[in-house]
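Pulled from TrEMBL, these are the features on record:
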- B:27-235: domain 'MacB-like periplasmic core' (DOMAIN)
- B:266-386: domain 'ABC3 transporter permease C-terminal' (DOMAIN)
- B:23-46: transmembrane segment (TRANSMEM)
- B:259-284: transmembrane segment (TRANSMEM)
- B:305-334: transmembrane segment (TRANSMEM)
- B:359-380: transmembrane segment (TRANSMEM)
Amino acid sequence: MASETLYDLKAISKKFTRGKETITIFESLDLQIKKGDFVAIMGPSGSGKTTLLNMLGGVDQPSGGEILFDGKRVDNLGEGDLARWRANNIGFIFQFYNLMPMLNAARNVELPLLLTKLNKKQRNQFVETALTLVGLADRAKHMPGEMSGGQQQRVAIARAIVSDPKLILCDEPTGDLDRTTADEILEMLQILNRDHGKTIVMVTHDPRAAKYAGRTLHLDKGAFVEREAEIV
Amino acid sequence: MGSLLSQISAVVAMNIRSLPKRLWMSLAMVIASAVVVAILLAFLAMARGFEATLEGAGSDNVAIFTRSGSASEINSTVTREQVNLVGDAPGVLKEGNTPQVSAELYVILDGIKKSSQTEANLPLRGLDVTGVGMRKGFEIQQGRMFTPGTNEMVVGAGVASQFEGFSVGSELRFGKNVWTVVGIFGTGGNVFESEAWADAKVIQSLYNRGSSYQTIRARIESSASIDAIRDYIAQDPRLNLDVETEASFFAEQGKQLRYMAFFGLFISVVMALGALAGALNTMYTSVAERTGEIATLRALGFSNLSAFAGTLAEAMLLAAAGGLLGALAAFLLFDGMSASTLGGSFTQVVFSFELSTDLVARGMVMALVIGLLSGLFPAWRASRIPVVAAFRANG
């Protein structure tokens with residue numbers, strides 16, 4: 001039976017070797033994220049928040065400890081298994097959108113579906129639903145270069161949710177946007193969390209962005225300082 | 001598997017659609033590949049055309065006799081007595097009581113090549129009507145046949161097209177002798193079209209050859225008669241002659257010039273190495289420019305094999321496009337082009353470049369090898385791009 005805990009990080013450590021020097025990012029870090037959480041991770045540069053996000057996304061692996069996702073260990077998976085696991089469970093939203101410039105909005109959103117067994121017609125239906133959800137159904141044929149930053153990030157959100165992943169990981173999702181557009185994007189994330197039950201983990205520098213999350217974790221010197229944030 | 005194929009095809013399509021971003025570098029790779037293939041095909045077409053010209057001339061039912069040890073017609077001498085003895089050899093055909101034997105002379109004229117305006121050796125063959133009858137596909141294309149006993153000559157179509165002054169009706173002076181061109185003949189594009197022909201007796205007289213000749217041709221029953229003729233020659237000390245079928249004689253001369261194909265291959269391989277260096281640079285740049293895209297796809301769950309295959313396919317596609325372009329250029333520039341080069345008797349052989357589909361296939365293989373080698377290492381690098389690079393991708 002699946003637990004209510006989506007992520008369970010147990011005594012995670014992460015160390016890098018640079019020349020003869022060993023740099024410790026985390027030492028015995030514990031973290032639990034429940035299904036339906038919207039967690040913001042904040043911290044000064046170099047505090048390890050991006051490293052943590054990478055480990056949550058199966059992009060980087062810890063030096064020690066265990067990561068359990070929905071009750072199953074994922075920190076010891078091989079490269080191929082991790083790729084499949086990411087495809088099935090994680091949606092990514094990047095600071096600079098990371099859209100494929102040669103593909104239109106619909107084809108960008110379709111990318112995660114190419115990893116499924118859905119046929120072309122089914123994929124198009126999913127893409128249309130996702131774009132409608134982010135308010136860009138009428139921009140399906142537009143190329144990324146023809147859209148504003150906010151619109152591109154919404155396409156990226158549609159790409160992140162199109163395959164209905166359990167978790168959405170956001171890396172500074174509003175870092176490249178103006179205030180108004182940033183608020184629109186954050187509200188959209190909030191809707192995905194509140195109305196669609198998506199678990200969201202967001203790394204951000206921006207305290208105003210963090211206020212949209214239900215829970216903010218402050219990472220400093222490899223340890224969390226946790227406090228509840230008000231929902232705006 | 002289906003998913004892997006759709007991943008690979010999606011990545012390949014993306015790479016191809018992003019080519020305009022790398023237009024000049026991609027174009028450089030296409031052109032480099034095209035030049036290598038065009039040069040390779042030019043040499044191969046030249047060698048193929050030259051061989052075809054010589055091989056097409058030889059008949060299995062004609063034996064050619066040369067002085068023992070002489071590698072070519074120009075070095076050979078035969079006497080009237082030997083001509084008569086050859087007429088009695090086993091396997092030599094007769095018409096009535098007359099053996100089908102052609103005693104021939106082979107002297108050199110100076111001609112001016114139209115292409116380079118330089119002097120080059122032209123063969124003037126002395127023969128009679130029996131000898132003319134032994135040439136496959138002989139036809140007078142313009143004018144008429146020379147009249148025996150006169151200073152008239154007919155010239156092959158290759159001579160007329162490649163050398164100055166051999167039009168019908170023109171008078172030409174070679175040394176003290178003045179010749180009139182009375183006709184242009186064809187023999188189906190083979191080596192005889194590179195010759196001028198005149199009456200053997202007139203040449204004997206003008207070139208002080210007495211009653212000697214240089215080669216003997218004889219119609220024989222079949223190529224199997226050669227062994228019996230060799231035995232016949234071996235038993236008669238007056239016949240210090242080599243004999244072989246005309247087909248084998250010209251095929252051997254064609255092989256002597258296979259260096260053309262080897263030289264072409266060598267030049268192409270050297271150029272291919274240069275093209276490879278450029279292509280590698282293009283592909284490494286392509287991978288570097290697509291680092292963010294590749295890492296993003298990997299983050300979304302695409303396999304590293306799709307990144308590998310996408311890059312390799314891009315390289316193969318660019319090289320293949322170059323190969324096709326090179327083959328097209330070679331076809332337009334060289335196919336059917338007439339040229340002349342030094343043949344086995346120190347005289348010019350006029351031949352046409354022949355670009356066939358099997359040669360084009362060889363050119364395409366060369367292009368694909370360039371594509372494969374230039375794509376392999378960058379593709380490996382693409383497959384090793386860390387997924388974390390997606391988080392550093394800017395824009």
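The backbone N, Cα and C atoms fix where each Cβ goes, glycine too.
TrEMBL annotations: computationally assigned, not manually curated.
Between the transmembrane segment (B:259-284) and the stretches B:23-46, B:305-334, B:359-380, the greatest number of Cβ pairs separated by less than 8 Å involves B:23-46. Residues 4, 7-8, 10-12, 14-16, 19, 26, 29-38, 40-42, 45-46, 279, 282-283, 286-287, 294, 297-298, 353, 355, 360, 363-364, 366-368, 370-372, 374-376, 378-380, 382-383, 385 of the same chain lie 6 or more positions beyond the ends of the transmembrane segment (B:305-334) yet place their CB under 8 Å from a CB of it. The average pLDDT computed over the domain 'MacB-like periplasmic core' (B:27-235) stands at 89.
Here the domain 'ABC3 transporter permease C-terminal' (B:266-386) has, by DSSP, the following mix of helix, strand and coil residues: 92 helix, 10 strand, 19 coil.
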